[in-house]
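Going by Swiss-Prot, these are the annotated features:
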type	residues	note
TRANSMEM	6-26	transmembrane segment
TRANSMEM	37-57	transmembrane segment
TRANSMEM	70-90	transmembrane segment
TRANSMEM	125-145	transmembrane segment
BINDING	136, 139, 165, 168, 197	Fe(2+) binding site
BINDING	139, 164, 168	Zn(2+) binding site
TRANSMEM	152-172	transmembrane segment
TRANSMEM	201-221	transmembrane segment
TRANSMEM	248-268	transmembrane segment
């Protein structure tokens, strides 16, 4: 029960980071591109390292114990790429012109303008928030299940997800703010889109928990690894490189991997 509460709280923490992104947009004067590039790289480094070095092999151990070496290994690989296909399919719901993974600068919230009152623009902003919510749902399941099995890994994933949710929160707020001129409304929809992560945890509790044996755990964990790697390669690293200064994104990746490696060694 204690692990379940911790798993839910960490998932909630990761989801609420989208709202934090909106608050940063309201309060910050300029975007610190060096820090942003480093932080996104750090998040990618943590996700890639923990997925490929720890989560994948824990999934393999669970599945080979249940199915035998050959079938277990095959299913681990299939589930890993299945996780990539799942999150890639979800990303297909996000059109290029409303992609919430495109990093916006906080300066965009400061430019004075008259609200456009364009229903199509407002619809675009709402769809952006909805698309991000759909994208966050499997991340919530991933964070919850990971924490349930190993709180140290769950904590690392929650922090990495939270870091990458902050600029996404800004990305949701900007189009809604330009459509309405209302910062409160922009914050509200950004905040609500992040609640899809704890909703994913609730679904995991209600639907997955009764069936969470070694087979189910191994499949989910392998899919989690695939999802985390896809997010890192498709979202975090391109965004980090876009705002890179003096190789800060690469320093972030290396720092994230080193941080995760030391954490796993200390907790071994």
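The backbone N, Cα and C atoms fix where each Cβ goes, and this holds for glycine too.
Sequence-distant neighbours of residue 197 (Fe(2+) binding site) (same chain, 6+ apart, CB under 8 A from its CB) are 11, 12, 14, 15, 136, 137, 139, 140, 143, 161, 165. Long-range contacts of the transmembrane segment (125-145) within the same chain, counting only residues at least 6 positions beyond its ends with a Cβ under 8 Å from a Cβ of the stretch, are 7-8, 10-11, 14-15, 18, 86-87, 90-91, 93-94, 98-100, 154, 157-158, 161, 165, 168, 171-172, 175-176, 178-180, 189-190, 192-201, 203-205, 208, 212, 217, 220-221, 223-224, 227-228, 231. Stretch with the largest number of CB pairs closer than 8 A to the transmembrane segment (70-90), among 37-57, 201-221, 248-268: 201-221.
The Fe(2+) site is set by 136, 139, 165, 168, 197; from the centre of their CB atoms, other residues of the chain with a CB within 8 Å are 14, 15, 17, 18, 132, 135, 140, 161, 164, 193, 194, 196. Taken residue by residue with DSSP, residue 136 (Fe(2+) binding site) is part of a helix.
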